[in-house]
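Undergrad: This is the structure, below, for whatever I ask next.
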């Protein structure tokens, strides 16, 4: 570890709309020039202002006086803009008199963990953490996620920080050079975080030193921040990791998008498992807050299947508990959780923070919930402080494997696959994005959100008159309808002028019937582009 001090020069700056950088409970923007139509709006000066604003917000949250010196951890994923934004964030914090713990390449979950770790040698716990990431978005994007010991910030907090940042940014135009009075300390925190994961697996196997000895596990990090899982987690546990791929960080993501929902990404890890005759494959997204797996036969353990698997593990530990998921999970998952596992399925809204916050709310009302998961691969457990941690979720699978191998040393990933046995899965699964033209005369000067809500209200009315279709009696987002042996959900995107349509059915013919019902109900809304739906129906 080394401590350094320096200074930050404030340059002539122009007007910036900070609130446009908000993406729900995150901040995201364009950090690298070169993509047509995407001007840079997340500059180093903007990043400095946001970091200083977070420090001010954090000071206020902790109800500390202005003399209180905060310690804020800063980490980043593999994006090519990471280092310049890390330096800018560091300058923004130290220029207002607070200290920075620079973690370098890190995972998003590790940043939250750093606010909980009690380790004076490594200057932890931090008062707050900043992760520089834009998840699986293209190479030119970047952004920030913020943490305190209470978890990730919410939308209201982000709005507050951005409003503060706007004022700081404007003020900096009049101030010139700012002296950096805070201290920067470089910390290898990922080794601490990984060690905790290793200990969790050893504990589940009766404190055996190498509980995964003899198991062949391959990892695909997608050139993001997840490569540490091989050398710092799997190898110390005794696993063979030959055939692991794309472990080196590369912010251009040359092999595939680091996204467990991406078809090419899942094909890559599946092929790695089959080519290497591995027992298990693990894949992470860029900043390791999402993950998925592949069993030895090449069967993907993601989306509904991964939720089913995690539900089986959690319901063994907490019988009868409620599993909270996003709105696009399947009817088959509900049957699996409630009929086979004896739990309760609470389907909520899209957005990992929405799902996690709903699980926390249920617990506060007396309804026990220990798992909140999205089909995207975000999964959070009550035992892990409700943090969506892709590495911890894979550790839960490894715990199951390690525990089973203490009884039968020859057992492989079939023990995991068997846990999801009985999950009914649709033959046809599709998501179609229907765009709203915000400049169309049919909006009559109104917002795309109001227009989208009108479409959903009309769809509800039409469905109520069709004896073949039945609206879900309890639904928290959009319009969910069952019929023809399947279901569809039409909802309004959280941020964009888009109505995503999810359809699941047991045959293409039944899926088409469901799609036709949506098309007929939306036909009078001329600002809605149904080209993608028509293409699906004509295939």
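Here the Cβ of each residue, glycine as well, is placed from N, Cα and C on the backbone.
Checked TrEMBL, it gives:
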DOMAIN    22-165  domain 'Alpha-D-phosphohexomutase alpha/beta/alpha'
DOMAIN    193-298  domain 'Alpha-D-phosphohexomutase alpha/beta/alpha'
DOMAIN    303-403  domain 'Alpha-D-phosphohexomutase alpha/beta/alpha'
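Could you give the neighbours, burial and distances for every feature on this list?
TA: The residues of the domain 'Alpha-D-phosphohexomutase alpha/beta/alpha' (303-403), classed with DSSP into helix (H, G, I), strand (E, B) and coil, number 55 helix, 19 strand, 27 coil.
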Undergrad: Quick check on the domain 'Alpha-D-phosphohexomutase alpha/beta/alpha' (22-165): DSSP residue counts for helix, strand, coil, in that order please.
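TA: Reading the DSSP string over the domain 'Alpha-D-phosphohexomutase alpha/beta/alpha' (22-165) gives 51 helix, 37 strand, 56 coil.
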Undergrad: By DSSP, how many residues in the domain 'Alpha-D-phosphohexomutase alpha/beta/alpha' (193-298) are helix, how many strand, and how many coil?
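TA: Reading the DSSP string over the domain 'Alpha-D-phosphohexomutase alpha/beta/alpha' (193-298) gives 35 helix, 18 strand, 53 coil.
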